[in-house]
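Here's the structure we're looking at; comments come further down.
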Amino acid sequence: MHNQLQEKFRLSVLSLIGVVSVLGITPFVFIRYFQGNTLAAIVDLVLILGIVTLVGYAVRTKKTRVVSWIVAVFINVGVFAIVLINGVDSFLWIYPAIASTFFLVRPIEAIVINIILTISCVFFSNIFELISLVSFVITILIVSVNTYVYASRSEKQFRLLESLNIVDELTGALNRRAFSSDIEQALSIAERKNTPYMLAILDLDHFKMVNDKYGHAVGDQVLKDLVTITTDNTRKYDRFYRFGGEEFVLLVPDIKKHQAFIQNLRAAIKKELKTPDGKEVTVSFGVASWLPGATADSWLKSADDALYRAKANGRDCAVFID
Ligand SMILES: Nc1nc2c(ncn2[C@@H]2O[C@H](COP(=O)(O)OP(=O)(O)OP(=O)(O)O)[C@@H](O)[C@H]2O)c(=O)[nH]1
């Protein structure tokens, strides 16, 4: 889910920069051609075709990070070539290239690319016969700092928005929206690679009694503690979601000894999850392994049936459907 949102964000930035670049550069293909500057017209045309191809490739393959990188380098190299060919007549193109780089790659990477472009222009172009080197460097610095601040702030805001979108506010576990997207991805990986996936529904036992006896605030703390204990006792690529109320889902990829894995987790919860006066709070587990042909609904239903049986068996236990 996290990656998908980032992918969408990068794809929209890429597409926007692609459209703006193509619209901005296209008139110059004709201007340079009719001025008799065929080489510059060809470089502009290559830039347009390259950007269109790369953005199209990103849309098709979703490889947005690597394509953004290539587009950033491509635009900078293209602008450098144009400045070499046209000299001072085209040096203003350096500014949009510098600004767009900050939106394509990480701010620190953009700084490196921009420094290389600036130094290359200083050493290899003849623009400083006509314009002041000091003014150039200072204006480049101002554009870079301003865009850096803006780009890193929007990246931070995007991350905040992203976490608000997929994280349960109370417990910090992933939320149901994240689950809906992740389970589809898990199903497609499991089908393609035949990876042994496991899905477990965890439901706190007699949680109403905890709320009734100790109050809602203690109930909330128990939910938070359950998330901490589960996160501490699972691997970093296992995913834990709050499904609603006192029901959670654990999605575990690439698992072989799944019964031992779940029983260890259950034992850890039983040992560590306590009310303020030290009474243990237990959890029932309904566990279903992935089977070929499963859909999100059928897989969840199997786990839910197993949970029902765990509750009927007296709670504080795990039932497995393989
Ligand atoms: N503190 C707190 N309680 C919640 C929250 N969401 C749901 N609950 C409570 O969870 C309890 C769920 O009760 P039941 O569905 O009867 O389940 P249970 O008491 O755990 O019984 P079994 O599941 O059958 O073992 C209710 O008392 C809800 O008020 C929450 O965010 N915070």
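Yeah, the Cβs are placed from backbone N, Cα and C, and that goes for glycine too.
TrEMBL does not curate its annotations; it predicts them automatically.
Just so it is clear, the model here is predicted, and its values are computed rather than measured.
The transmembrane segment annotation in TrEMBL covers 12-33, 39-59, 66-87, 93-123, 130-151. The domain 'GGDEF' annotation in TrEMBL covers 195-322.
Per-residue pLDDT, averaged over the domain 'GGDEF' (195-322), rounds to 95. Long-range contacts of the transmembrane segment (130-151) within the same chain, counting only residues at least 6 positions beyond its ends with a Cβ under 8 Å from a Cβ of the stretch, are 87-88, 91, 94-95, 98-99, 102-103, 107, 110-111, 114, 118, 121-122. Outside the transmembrane segment (66-87) by six or more residues, the chain places 10, 13-14, 17-18, 21, 32, 37, 39-40, 43-44, 46-47, 50-51, 54-55, 57-58, 93-94, 97, 100-101, 104-105, 109-110, 113-114, 116-117, 120-121, 124-127, 130 with a CB less than 8 A from a CB of the stretch.
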